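**Student:** If you scroll down you'll find the structure; I have some questions about it.
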Amino acid sequence: MGNYYYGGQESRLERISWRMWMVEAACYIVLVLLTLVSSFASLSSTTGFPCFVGTVGESSFGGDLMGHGMTPARRDGVKIFFMSSPSTLFVVFSAVFVWLVVAVYLLLGGVRVKMCNFDSSYGASELSSAVATMTSLVTLSITAWAWQVFVLMLSYRQLTLAAVAFVGIFIAGLVFMLSFASGGKSPENYATFNSQLKTVCKDVHAVITAFKAVVLNLFCVVFGVWHLMLVMLGAVIMVLNFGVSIPKATTGALVVFIVLGLVYLMMIELVVSRYVHVLLGPHLGMIIALGIAGTSALSYAETLDEIMYASWKPVAAGILGAFSVIVLALAVLRAVRSYKFHKAAQSKFLQQVASVAQTVKNRARRERNGPRVHKRYYDAVPVDAYEDDPYRQSPRRSRHGEAEDVIYENMKY
């Protein structure tokens, strides 16, 4: 296998690189477990967290920080414009769930690499980089650690520090998404890498083709929702620290969210989709974020009705609706381009999709038509039952005077 990627050269660097990958993956898994524990601990006040993390949007702040447009009776105890409690909990625990899936992916990939390379000095670092590059592992560890800080700051209602932590999470998540999808290679080299990997180790190739696409789609869903969290935290910081009025901060947050969402979807279509073609997770994430934005605006409608124009609801619904149409159109475009790519490449993906669709169709038909009626088979009548039959023909005689057996009467029908 003397090719560009798999030269089979034994060296200490290969061995050190493989061990560093295992240590980094183990550290990430430990951080994910700690993040899981701290996230569940934030739900209870008996574990040291002062406030429930899901009620940030229901917290009251002084009116002197709320800007202008409020009546004197409304300036005391004003609630900030933020996600509702279910939406905040969804953002917190959906990220933890995706990181747990990534941990399972790394465990499975590491086991497959070890099974494929009994000699750890032979190509193990190249195979492990196919599962996840070191850049991906480092950024994953940063996001898992910073997420604990983010949840802790939300619980203490230190929204400025929470926003700073989330900016770091957002940047690290962006780097992870790009490095994890590309593996640090150009699209042409990535295709060559995968084709050679299928020959070198089919087990690792199976992991990074199917499982990696699932992991990337799940992360893109969460990352799409992170856009809304980022702009909402930015709006809160503008109101609390810089005296920006609530109408301006709310309008600016929605505009920035739409702009960032369009940039995100265009980056997916122009860059990331060249590596992983079946990629509808970003569009689903933006649709979920739009739903969260709409429900948050409705839950904050009492305050917005007083400080904004009376027609803000139709205008906001029209803007969010138009953006959702754009997102759906880009999702259809991504699906069509993915279908054309797999059809031109004659990959097994379309065959597997057709097989699954046919299986589902057959099961639905059976459920609709009811259980299958089996044919009933009856035992043949024994030969002795014809002995007393007066209409039974006597057996034929051979030329020697012996009776011939009629073999067809002894067979069961």
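Any Cβ shown, glycine's included, is placed from N, Cα and C.
So Swiss-Prot lists these for the protein:
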type	residues	note
TOPO_DOM	1-19	topological domain 'Intravirion'
TOPO_DOM	41-88	topological domain 'Virion surface'
TOPO_DOM	110-133	topological domain 'Intravirion'
TOPO_DOM	155-160	topological domain 'Virion surface'
TOPO_DOM	182-218	topological domain 'Intravirion'
TOPO_DOM	240-251	topological domain 'Virion surface'
TOPO_DOM	273-277	topological domain 'Intravirion'
TOPO_DOM	299-312	topological domain 'Virion surface'
TOPO_DOM	334-413	topological domain 'Intravirion'
TRANSMEM	20-40	transmembrane segment
TRANSMEM	89-109	transmembrane segment
TRANSMEM	134-154	transmembrane segment
TRANSMEM	161-181	transmembrane segment
TRANSMEM	219-239	transmembrane segment
TRANSMEM	252-272	transmembrane segment
TRANSMEM	278-298	transmembrane segment
TRANSMEM	313-333	transmembrane segment
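I'd like to know what surrounds each of these features in this structure.
**Tutor:** Long-range neighbours of the topological domain 'Virion surface' (155-160) within the same chain, counting only residues 6 or more positions beyond its ends whose Cβ lies under 8 Å from a Cβ of the stretch, are 42, 49-53, 56, 59, 80, 233, 236-237, 240-241.
In terms of DSSP secondary structure, the topological domain 'Intravirion' (273-277) contains 2 helix, 0 strand, 3 coil.
Remote same-chain residues near the transmembrane segment (20-40) are listed as 92-93, 96, 99-100, 102-103, 106-107, 110, 125, 128-129, 132, 134, 137-138, 140-141, 144-145, 147-148, 151-152 (criterion: CB distance under 8 Å, separation of at least six residues from the stretch ends).
Below 8 angstroms of C-beta separation, residues 132-133, 135-136, 139-140, 142-143, 146-147, 149-150, 153-154, 212, 215-216, 219-220, 223, 226, 229-230, 233-234, 236-237, 271-272, 275-276 of the same chain, each at least six residues beyond the ends of the transmembrane segment (161-181), sit close to that stretch.
Through the fold, the transmembrane segment (278-298) approaches residues 57, 81-84, 87, 90, 213, 216-225, 227-228, 232, 254, 257, 261, 264-265, 268, 272, 304, 313, 316-317, 320, 323-324, 327-328, 330-331, 334-335, 338, 349 of its own chain, all at least 6 residues removed from its boundaries and within a Cβ separation under 8 Å.
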**Student:** Answer yes if the transmembrane segment (219-239) and the transmembrane segment (313-333) have at least three CB pairs under 8 Å among residue pairs 6 or more apart in sequence, and no otherwise.
**Tutor:** no
**Student:** Go through the chain and flag residues at least 6 beyond the ends of the transmembrane segment (89-109) whose CB is under 8 A from any CB in it; none is fine as an answer.
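**Tutor:** Here the qualifying positions are 25, 28-29, 32, 35-36, 39, 42, 53-54, 83, 128, 131-132, 137, 140, 143-144, 147, 151, 204, 207-208, 211-212, 214-215, 218-219, 221-222, 225-226, 229, 292.
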**Student:** What residues in the same chain, six or more past the boundaries of the topological domain 'Intravirion' (273-277), come closer than 8 Å to it by Cβ-Cβ distance?
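**Tutor:** Same-chain contacts beyond the ends: 181-183, 187, 190, 212-213, 216, 334, 337-338, 341-342.
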**Student:** For the transmembrane segment (252-272), give me same-chain residues lying six or more residues beyond its boundaries with a C-beta closer than 8 angstroms to one of its C-beta atoms, as numbers and ranges.
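**Tutor:** Those are 81, 177-178, 181-182, 216, 220, 223-224, 227-228, 230-232, 234-235, 238, 244, 279, 282-283, 286, 289, 293, 316, 319-320, 323, 326-327, 330, 333-334, in sequence order.
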**Student:** Which value does the mean pLDDT take for the topological domain 'Intravirion' (110-133) in this predicted structure?
**Tutor:** 76
**Student:** Per DSSP, what is the residue count of the topological domain 'Virion surface' (240-251) in each of helix, strand and coil?
**Tutor:** 9 helix, 0 strand, 3 coil
